[in-house]
Amino acid sequence: MKTFCGRANPTTGALDWVEESEEYDYHQEIARSCYADMLHDKDRNEKYYEGIRAAVRRVKARGERPVVLDIGTGTGLLSMMAVTAGADFCYAIEVFKPMAQAASCIVERNGFSDKIKIINKHSTEVTVGPDGDMQERANILVTELFDTELIGEGALPSYEHAHMHLVQTGCEAVPHRATIYAQLVESDMLWKWAQMRPIDVDGHRLMPPGAVQECAGAPSVCDIQLSQVPTDAFTAISPVCTMFSVDFSKPVSSAAQSYTVRFKSQTGGRAQVVLSWWDIDMDPEGNIVCTMAPSWSYADPHAYPWRDHWMQSVYFLPAEENVSEGEELMLMVSHDDYSLWYSLTHSEQNDVRVAPFRPCCTCQAHLVWTRPRFGELNDEQRTESYVSALRSILKPDSVCLSVSDGSLLPVFAHLLGSKKVFSLESSGMAKQVIEQVLHTNSLKDGVQLLGIRAEQLSLADLDGNQISVLMGEPYFSTSLLPWHSLFFWYCRTAVAQLLQPDATILPRAATLYAVAVEFQDLWRIRFPCGTCEGFDVSPMDEMIQRSLDFRESWEAEPHPLWEYPCRALTKPCPVMTFDFTQCVPEQPISSDGAVPFTGRGRCHGVALWMEYQLTDDISVSMGLTKAVSQEGACEWNPHRKQGVFFFRSAKETSGDGREDLSYSLTFEPHSGDIKMDFSITES
């Protein structure tokens with residue numbers, strides 16, 4: 001059965017009504033998931049297997065019959081491990097229907113259907129008894145309910161319910177316990193992702209609103225590959241602190257709680273950020289440990305087991321605080337059902353028993369600007385590029401129109417002396433944030449904010465003025481892939497009749513770049529696994545492949561490549577250019593070509609990004625920020641996501657000119673889509 005669904009088009013800005021199968025969302029979720037990453041996580045799989053074997057041995061040593069409950073079974077891998085380890089029977093719970101179906105197929109293919117029962121329910125809906133989903137309570141509880149924050153997927157309520165209704169008192173648990181660690185640091189790089197900094201523009205200092213400076217920030221965790229944050233980008237104020245542990249073999253409470261750790265400051269500085277991660281002990285003795293600690297905490301960083309389904313967390317303190325070396329401080333972590341947050345105090349006091357309120361944004365800026373967006377707005381070099389470009393084109397009689405979400409460009413244009421500045425801010429919340437910036441800096445009359453879309457704009461909205469400068473970063477909150485910011489082009493086309501004949505467009509053009517790459521690790525999220533710890537999990541590979549094929553074409557996907565090291569195997573190549581000085585054309589734009597491979601390696605796919613030509617002399621890159629090194633090392637813009645086009649399988653390249661990266665792209669103006677195909681061909 002098919003239904004018509006309204007989907008907002010991030011490139012054209014239109015609401016597209018498309019006919020979709022009722023299975024569309026299922027396939028989208030599977031295609032965008034990273035299930036394969038878990039199966040490729042050898043460290044995780046080996047530790048779980050070892051822990052399960054030990055738990056089964058302990059139950060048998062007590063003279064009991066091992067009965068396992070596996071909550072969040074996924075592929076059924078842990079259940080198959082349990083049965084292979086000697087469990088008598090296993091109840092495997094999986095709430096996501098396509099996943100439960102895949103688990104049933106995998107269990108059957110491996111010959112465990114008589115020992116494993118797949119239950120397609122949420123664990124809190126499972127019943128026990130002669131007519132229930134489970135015939136009896138389990139004496140071994142195996143789970144993989146964790147996310148980067150440990151408890152963000154509802155682990156605590158699930159454990160709480162399981163101990164009350166699904167497992168025996170004194171059951172074995174794998175993992176047996178989890179421990180949260182934290183380190184208080186000063187980091188200019190990371191703090192720029194939390195607060196707006198003063199910005200200098202031609203002798204004017206643009207100050208952040210007081211409400212923004214005093215705001216506790218976004219409530220959600222910032223999860224990143226902390227191993228990619230250079231150690232010289234932060235200074236440790238505290239040692240690594242053990243904040244608290246949860247014993248999963250005993251009844252677990254999901255009630256809000258707080259834990260405090262005292263320490264003496266290792267150095268003076270500004271306490272700004274808490275770096276946090278966790279580990280899980282698979283056995284009571286703590287001999288089998290799976291840790292999320294970043295690579296720089298290892299004696300040998302090369303021994304670090306890469307994974308993307310569990311990363312590390314960055315928490316921003318509500319406000320930065322000055323601390324002195326040797327000062328006694330207290331770091332407190334609090335949690336509710338699903339999230340953690342941290343606070344710092346200097347004074348002596350008793351441990352807080354009741355968790356304080358979870359911090360939340362009160363200024364709206366942290367809801368309008370994402371953390372990478374804060375970093376982008378605080379990027380001095382980037383700001384200088386835009387200011388220099390504006391300085392070169394603005395005149396005293398310039399009438400400017402800005403088209404970008406929550407942008408400071410119109411403020412810059414006013415400070416640089418433009419006669420009139422208008423800015424389209426169709427989001428009411430973004431409009432209020434920019435109003436705060438203008439009010440704080442006594443610029444309220446300098447920029448006229450219009451809460452309408454480009455196609456609604458009229459000459460009356462512009463006080464009868466025609467536009468002499470149309471500008472944009474461009475940045476739009478709805479953009480996922482680099483080329484979604486072509487929405488600027490559609491806005492430019494919509495206001496074409498309001499432009500002066502000789503109007504300047506900034507940026508004047510955009511170029512889509514591509515480079516073939518070998519990923520150090522990111523390939524694991526997309527490449528088939530086949531077998532995992534001796535079990536055939538190929539039905540999972542097939543399910544992911546079917547979901548990827550469900551779309552009409554092989555698509556690129558967004559990733560922040562600064563977190564995922566890769567090596568360039570070709571030179572960066574411009575593959576399509578979009579001329580913003582002209583309106584969006586009626587006919588498709590096509591581009592075909594080939595670029596030789598210059599590096600030897602395994603090509604996993606193609607990285608894609610936009611570069612904007614602000615003027616003839618000034619460009620800003622949303623991708624590579626430096627020339628690729630001779631060895632192929634890439635440095636990526638940390639504030640924007642790049643596109644990645646994964647090949648269906650890795651291809652070996654010689655780098656001696658025998659292979660080319662061939663490309664074929666077509667931009668469809670009516671849909672805003674770029675159909676793309678990349679292949680490796682013999683020269």
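Heads up, the Cβ atoms here are built off N, Cα and C, so glycines get one too.
Noted in Swiss-Prot for the protein shown:
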type	residues	note
ACT_SITE	Glu144	active site
ACT_SITE	Glu153	active site
DOMAIN	14-341	domain 'SAM-dependent MTase PRMT-type 1'
DOMAIN	353-677	domain 'SAM-dependent MTase PRMT-type 2'
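Glu144 (active site) falls outside any helix or strand according to DSSP and counts as coil.
In the three-state DSSP scheme, Glu153 (active site) falls into the coil class. When pLDDT values are averaged over the domain 'SAM-dependent MTase PRMT-type 1' (14-341), the model yields 94.
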